[in-house]
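Listed in Swiss-Prot:
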type     : residues     : note
BINDING  : Cys26, Cys29 : heme binding site
TOPO_DOM : 1-83         : topological domain 'Mitochondrial intermembrane'
TOPO_DOM : 105-152      : topological domain 'Mitochondrial matrix'
TRANSMEM : 84-104       : transmembrane segment
Amino acid sequence: MATEEDVKQRQIIESRARNISHNVRCTECGSQSIEDSQADIAILLRKLIRDEIKSGKSDKEIYKKLQADYGETILYTPKFDLQTAAIWLSPVIVGGVAAGVWAYQKHRQRTNVHIMALNLVRGVPLTPREKETMLDVLTPPPPANKWWWPGK
């Protein structure tokens, strides 16, 4: 008959095994954890995890062994390194560059119109007030709607 200590020990092993199994991806199913999968490889991995726990290994050691044997994709939470950072940050960087190019083009377009207006009145003998009036007439007004969405 099992003692109370043996029952507690089995419960601890089972709890740790389930916790680890929920964080390990089934290599056949891909979208399921090995805890939820009934594939042969998932059953074998669950047994391997329980054996490793019984032999006294820590969770971290078990994760490292699984990662070494099956690759980084077996874990649902891969380590965060330079490559992972590049993958996650690339959309933000591309969006920032696109916004910068768009803003530069808008600024350049406004500046070019002002420079063309100055070039038109450059050689003409005008008083400062006439020159200012000509620039006001030749320079287009800023757009009335500054929001990208018309309802604002």
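Glycine too: its Cβ is placed from the backbone N, Cα and C atoms.
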Residues in the topological domain 'Mitochondrial intermembrane' (1-83) grouped by DSSP into helix, strand and remaining coil: 51 helix, 4 strand, 28 coil
Per-region confidence, the topological domain 'Mitochondrial matrix' (105-152) (mean pLDDT, whole number): 73
